[in-house]
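According to TrEMBL, the features are:
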type	residues	note
TRANSMEM	12-34	transmembrane segment
TRANSMEM	40-63	transmembrane segment
TRANSMEM	83-106	transmembrane segment
TRANSMEM	118-137	transmembrane segment
TRANSMEM	149-166	transmembrane segment
TRANSMEM	172-193	transmembrane segment
TRANSMEM	214-233	transmembrane segment
TRANSMEM	245-269	transmembrane segment
TRANSMEM	289-310	transmembrane segment
TRANSMEM	330-352	transmembrane segment
TRANSMEM	364-382	transmembrane segment
TRANSMEM	388-406	transmembrane segment
Amino acid sequence: MYKKIDMRYRNAIWMALEKIISIAGVFIVTAAMAKYIGPYYYGVLSLATTSFSMIYIISSMGVDPLVLKKGSYNARQGEMRSILMCIIRTTVFTVLSLLFIIWCWLDGKIHDRVEMGLFLAVMISQLLLSVDFIAIINNYMLRSKLNTISNIAGLVTALVLRLVFVELKLHVLWFAIPLIISPLIAVTIKYLTFSRINKMSSVFASMRAKKIKALVGTAVPFAVSSVAANIYNKIPMMIIASVMGYAWSGIYACALIIASTWSFMPTALISSFIPRFYQINNLKKNEDYISLLVTMILLVCTTISVAIWLISPYLIDILYGAKYRDAVSIVPIILASTTLGMCGSAVYHILIKTKGYSFIMKKMVASAILSVPLTWFMTIHYGIEGAVMSLLLIEILNLTVFNFMYKKTKVARILLNSLSPAQIKNLKNI
């Protein structure tokens, strides 16, 4: 029965399985931890995670779509690019992270050894992710099962440790250990099970300076785009922490987990179906394929969003407690923003396919520039609701107005077709 399922669906199922277990951990153990350590330290942890995630994205240069595209055509070339980007990413991440830690300490952003410990733990966990070049290879080779098994092993270990620490009522600093343990176990297993690990020397030998220069040159638009995209996605957390304090950033983090953790489902579908898209060499068929994919994403996102919106007040009360009750009001806004973001992720690939690298860069930079003053203004005047509303407005502009300016493909047509009821019947053709 299982073997009769389309390989892409099987790959998506394995990716989803990993995230389902992750969500179980988030809602059961992480919530218990958040309730135990309180909004302040949870806010510190969330801000550290946001900051180092941005540094990780900067160091990644946003070239994952290029690796995915290359790997869909030529597995060996995709592997080489993955390893090369791992080296560049790890080097850049280490330098930027250390500079950021020093700046935070000198500027008074880190107040004591507890906050320093949490910041360092998050930095190390992201550093371990940066050395993982195998995950994307497994994704484009439709071997996400290997990622799932290794990630689950790390995740379960970390969740058990967190639960034990909560039960023993240990000091907040102990929670730094699970942050490091989870990616450490996952990356170790991936390296040990990677079938070509003993052939990496031949890959390194083929990495001439010319190839490195060419890849970095190609990556520049993606790097700028990724940084810009992360600015407008992460800026609400940072501005809320700056304007309203760490406790409010903890409340925002609570709502963000409730309202966006489920995005693994559309992400898994996109990752599993996109390799076939890159094998199609007809623009009209490419547009139709993305339109069907957007329809699928909308169906999944809308169904889940409605369900989460209805139960979110109860989830927050049960899992986080009364201190986080202000998160209820912003959950539906984040749900809508997440849905639009997922649709944008699908459309993004046709821009890549038609080599719209420069357009993507300009669009993301415009979004980032607009998001900072908009979020600041909305937060000062409307509080936490204003901050998340600004993110929703940016997502709307990104998916529609900005994309409609692209001339090489008809994004407006893609989106309009995706809303047609007839598309549901056509999903079997994807």
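Placed from the backbone N, Cα and C atoms, the Cβ positions cover glycine too.
Quick caveat, the model's predicted, so the values are computed rather than measured.
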Please tell me whether the transmembrane segment (40-63) and the transmembrane segment (118-137) touch - that is, whether there are at least 3 C-beta pairs under 8 Å between them, with each pair 6 or more apart in sequence.
yes
Top stretch among 118-137, 245-269, 330-352, 364-382 for CB pairs under 8 A with the transmembrane segment (172-193)?
118-137
The transmembrane segment (83-106) and the transmembrane segment (118-137): do they have three or more Cβ pairs under 8 Å, with pairs 6 or more apart in sequence?
yes
Using a Cβ cut-off of under 8 Å, list the residues of the same chain at least 6 residues beyond the transmembrane segment (364-382) that approach it.
224-229, 231-232, 235-236, 239-240, 243-244, 389-391, 393-394, 397-398, 402
